[in-house]
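Q: After the structure tokens below, expect a handful of questions from me.
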Amino acid sequence: MGGGYVLFGSARSGQMIMVALVLMVGSFYAGSIFGNNSPIYISQPSSSNSSSSSPSQSGPSNFANKIELTYRRTSVSIPESGVNVCPLKFNEYIPCHNVTYVQQLLPSLNLSRREELERHCPPLEQRLFCLVPPPKDYKIPIRWPTSRDYVWRSNVNHTHLAEVKGGQNWVHEQGQLWWFPGGGTHFKHGAPEYIQRLGNMTTNETGDLLSAGVEQVLDVGCGVASFAAYLLPLGIKTMSFAPKDGHENQIQFALERGIRAMISAIATKQMPYPAASFDMVHCSRCRVDWHENDGVLMKEVNRLLRPNGYFVYSAPPAYRKDKDFPVIWDKLVNLTSAMCWKLISRKVQTAIWVKEDDEACLRKNAELELITICGVEDVSKASWKVPLRDCVDISENRQQKPSSLTDRLSSYPTSLREKGISEDEFTLDTNFWREQVNQYWELMNVNKTEVRNVMDTNAFIGGFAAAMNSYPLWVMNVVPATMNDTLSGIYQRGLTGAYHDWCEPFSTYPRTYDLLHADHLFTHYKIYGEGCLLEDIMLEMDRIIRPQGFIIIRDEESIVSRVRDLAPKFLWEVEAHELQDKYKKTETVLFCRKKFWAIL
């Protein structure tokens, strides 16, 4: 297919919807929360009336990128015209959660363990190598905090959840918007009421979840993540996840709302998070069979929970006496008792256990052959593509949490010492990123509301995220699985994140991040070869960054030069700025911004 045209579209329809929304929801931010809904359009030159049918009045200009379905080849060569654009039907392309590819694998997967819901990345030759387009009528997302309750319907144009979950107040259609009332399967009257009840249950009616010591939560099968959204006023950070399954596009809704979430499933492999990272694991009708397979999934929860952490279970076995629910409940009681958990509350459709810090109990139960204790070798490596373990460990990090999040952000996590990172290096990193983040905001020159979903693609010890903590945004701290395992230290700072290998695409929908930060990421991967090339990682960055989103790149001079040359071919604008590194040496930092384009 041939080249196309650039046409500048009118924002008038978006402005009309903006006015309607302001009338509906009251005194929000008078337009600044809606962004600029004026994309450039790519159309086929064969369309004889492309100029007249366009919403633009400014006329066409040349646009070199071609619309053509292109696959990854052994030798990567980007055309002079720029990276090809995928056809419109691929606007929700998620390489490692591709239903068509997974269907080919079904005969070899353990369906009883729901292995089909996990990551399955196709071989290179079956991966697309073209820019993923936005859907028809895509608009710059509504800004936080309005986005918690309202998002553009055209950005996630799927009605299934509204049809099957409307009675539970997950999401409702309101004209050209989706409205999220804050409900869920077990809290259809609203998450705030449910969260207060959990606080009462964990504190014996004396406080809330925060006073119960809950600061970091893992929400299993999170739906549209309203639970996480309404934990935010308490200052509680939640890692929400759900599979790409029959609950159509639930994670896409969550991310469009500006809530931390990722596609994942608890099935046959460990979750991509370190041991002892969460104060609470929450399951509200999460569709996980915890009682099956000798409770191996419950043992994964045990791995993830900190000592004295809570497991919240809101599901029929906790309260119903019909069908096989009592049998399931008995199995859960036996499993949790074997792991030395204590049932502290059971009422109003919810049961809560606490993982007691009782090594003597675990060793006694191991002697009674009620449980198996993991060997040291089982807990020593990053949780990336590691099979689930049918055992429990007793060597989780028991570092005492500082009294406040501010203290945690600046306190040296002792786990970093085991990774060869000194307290002086920690302090240097923390102070450096405070300075850099201030300069980043000046150089980006955007309203703080324009950046909500942020990813640090090579987070090291979380200094960048710690420096960003005072802004109205969240950061997904990614620690590459092939690098020093510092993610447990990041969690000890009160931050969150995940392991990942950038030789593969990330488990998220297209257009989900406003800012990607890459500090010497490309340098690390330049020795890994096919699938990990600079061009591969740039393509994945383009897939997951939102239109008008920023990509900040710091790296070796040769890599910075290469990215600067390639950026226009990915339809990125690029600026270079001279900043100082940690050791006061000047380095070139690239500020790339993805153009807002669409297929006409």
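Just so you know, glycine gets a Cβ as well, placed from its N, Cα and C.
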Q: According to Swiss-Prot, one residue in Asn36, Asn157 is annotated as N-linked glycosylation site; name it.
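A: Checked Swiss-Prot: the N-linked glycosylation site annotation sits on Asn157.
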Q: In whole Å, note down how far the CA of Asn157 (N-linked glycosylation site) lies from the CA of Asn484 (N-linked glycosylation site).
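A: The Cα atom of Asn484 (N-linked glycosylation site) is 40 Å away from the Cα atom of Asn157 (N-linked glycosylation site).
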Q: Mean pLDDT for the topological domain 'Lumenal' (37-600), as a whole number?
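A: Overall, the topological domain 'Lumenal' (37-600) comes to a mean pLDDT of 92.
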Q: Quick one: among the glycosylation sites Asn157, Asn200, Asn204, Asn447, which has the most Cβ atoms sitting within 10 Å of its own Cβ?
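A: Of Asn157, Asn200, Asn204, Asn447, the one with the most crowded Cβ is Asn200.
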Q: Could you give the Cα-Cα distance between Asn98 (N-linked glycosylation site) and Asn200 (N-linked glycosylation site), in whole Å?
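A: Their Cα atoms are separated by 42 Å.
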Q: Taking only same-chain residues 6+ apart in sequence, whose CB is under 8 Å from that of Asn334 (N-linked glycosylation site), what do you get?
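A: In sequence order there is nothing to list, since no residue at least 6 apart has its Cβ under 8 Å from Asn334 (N-linked glycosylation site).
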Q: Cβ atoms within 10 Å, counted per site: which of Asn98, Asn110, Asn484 has the most, among these glycosylation sites?
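A: That would be Asn98, with the most Cβ atoms nearby.
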